[in-house]
Structure formats: structure tokens, C-alpha cells
Amino acid sequence: MVTSPSTPTAAHEDVGADEVGGHQHPADRFAECPTFPAPPPREILDAAGELLRALAAPVRIAIVLQLRESQRCVHELVDALHVPQPLVSQHLKILKAAGVVTGERSGREVLYRLADHHLAHIVLDAVAHAGEDAI
């Protein structure tokens with residue numbers, strides 16, 4: 001059988017990795033996966049879904065990244081993100097309701113901070129992954 005250099009042959013098809021979406025994966029990747037325990041209770045899955053929905057907006061992702069550095073008041077977030085104050089306040093309300101941020105009054109302003117820095121890791125991983133795909 002004659003093949004062109006760009007046509008893979010059977011000898012080249014199973015080289016131990018396949019290309020999926022720009023990422024390398026072992027050809028037999030599912031055989032190597034550990035067996036996972038039973039899924040968490042439905043309440044935990046629902047709570048995780050709510051948390052991820054609260055983070056699922058570009059402005060809210062940017063807010064979490066800003067608060068990762070230090071606590072901020074609304075006008076600091078407006079200046080850093082270049083979005084209108086009512087929009088920042090609306091997104092902070094959603095993040096606060098989801099338990100992502102907390103607010104503490106300081107004089108006439110409210111200082112917002114992350115309730116849990118584990119959430120910053122989720123956002124950082126998502127942003128890093130999106131950046132890999134953009135290259």
C-alpha cells in the first residue's frame with residue numbers, strides 16, 4: 001500500500017497519544033483513570049452548580065481576580081475594571097448572595113473581600129485554561 005506522507009498509516013495511528021483540541025492525551029487514557037467514588041449528595045452538587053453560576057460572568061471573574069490581591073471598595077473596582085458603578089454593584093450583589101464575597105462597612109464605603117480564597121484558585125485555573133486555548 002502506498003501512502004502519502006500526510007496520510008497516517010496503521011503504524012502511525014497508535015503512537016500513544018492523540019490530539020484533541022490542541023491538547024495531548026494518552027491514546028488509552030480511560031484505562032488509566034482511577035475509579036471514582038460515588039458522586040457527592042445532590043445538595044452538594046446543587047450548591048457547586050450555584051457557585052459556578054455565580055462565577056459565570058466576565059465581570060464577576062474580573063472582580064474575583066481583583067479581590068484576590070486585596071479587599072476593595074466599589075469605586076476601586078470601577079476604576080480597575082473600567083465598567084460603570086451600577087454594574088459593579090449588581091455583580092457584587094450576586095457574588096455576595098452566593099457567598100463568594102463579603103462586605104464590611106468602613107465609614108461611608110463597603111470594603112469587599114473574598115470569602116474563601118479557594119474560589120480564587122477555581123477562577124485562576126479557568127482563566128489559565130482559557131488562555132491556553134487562545135494561544
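Quick reminder: no glycine exception, Cβ is built from N, Cα and C everywhere.
Database features, via Swiss-Prot:
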DNA_BIND  74-97  DNA-binding region
BINDING   Asp116, His118  Zn(2+) 1 binding site
BINDING   His129, Glu132  Zn(2+) 2 binding site
COMPBIAS  11-31  compositional bias 'Basic and acidic residues'
DOMAIN    40-134  domain 'HTH arsR-type'
REGION    1-32  region 'Disordered'
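Listed in sequence order, the residues of the same chain lying 6 or more apart from Asp116 (Zn(2+) 1 binding site) and placing their CB within less than 8 Å of its CB are Gly99, Val100. A separation of roughly 17 Å, to the nearest angstrom, links the Cα atoms of His118 (Zn(2+) 1 binding site) and His129 (Zn(2+) 2 binding site). Set side by side, the binding-site residues His118, His129 differ in how many other CB atoms lie within 10 angstroms of their CB, and the most is found at His129. Averaged over the domain 'HTH arsR-type' (40-134), the predicted model reaches a pLDDT of 95.
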